[in-house]
Amino acid sequence: MDHAATDAATDAATDTVPAAVPAPVPAGWPTTEAEARAVQDRLRPQVVLDEDGPVPGEGLVTGVDVAYDDERDLVAAAAVVLDARTLEVVERATALGRISFPYVPGLLAFRELPAVLAALGALKSPPGLVVCDGYGLAHPRRFGLAAHLGVLTGLPALGIAKNPFTFSYEEPGAARGAVAALVDGTEEVGRAVRTRDGVKPVFVSVGHRVSLDRACAHALHLAPRYRLPETTRRADALCRRALAEASSSS
DNA sequence: GCGACAG
DNA sequence: ATCTTGTCGC
């Protein structure tokens, strides 16, 4: 059971009250797969790739994640703001909504973003860098979740995924800190980053306004102890809790 | 045509 | 993502 007790204690120490507002689907949100792909192609040119982005270990970093209850057609998103230097929780927010899009590989953003945007909007703190559970430019049309979120919010964003998706990679060295290219054919779309000795790497890609080198540095700074970054671990725990509370009440 | 496929 | 027990290891 992990370190649930430790995490729960830390969460309880947070003074911020999670918001549980219904997440409306943004106006004009696509309904069909063809529309969704057209939206990606239209927004793709707005991705900014010539900024280094925030310095790892400085300022605020926000993790976002989503949990689903298909039976009840419920979705819960969480946004957890951390102090990048200490990795302490600064603020948390959640948002509930209806599932607005099915899971389709390559179109994940349309399923996750409405609730995520609502949770981000409920924060009082500026989010700083946003860390997504998934991919950014490592995407069939180079416009994954993290790139999409970055363009819609203007915030620097990056993606850290648990699986290589359709891409391939050379196994990085066994030591924490080792990296290897994540490639789509000959193009480097991201990197496999080893955050723990001898444990499967995470897959990092640029979203918006962050360089790949710096995105990888953020991944390592955010995961000092576990394979996954604290941002996703915190957001994952919070959205699951919010979903459970929503499902068990009215 | 068939299988794979972030979450 | 989600369904799920015990179990090996630090």
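A Cβ is built for glycine as well, from the same backbone N, Cα and C atoms used for every other residue.
Of the listed segments A:1-29, A:117-145, A:146-174, A:175-203, TrEMBL assigns region 'Disordered' to A:1-29. In this structure, the binding-site residues under consideration are A:Asp65, A:Asp133, and the one with the smallest number of other Cβ atoms within 10 Å of its Cβ is A:Asp133. Residue density at A:Tyr103 (site 'Interaction with target DNA'): 12 other Cβ atoms are found within 10 A of its Cβ, drawing on all protein chains shown.
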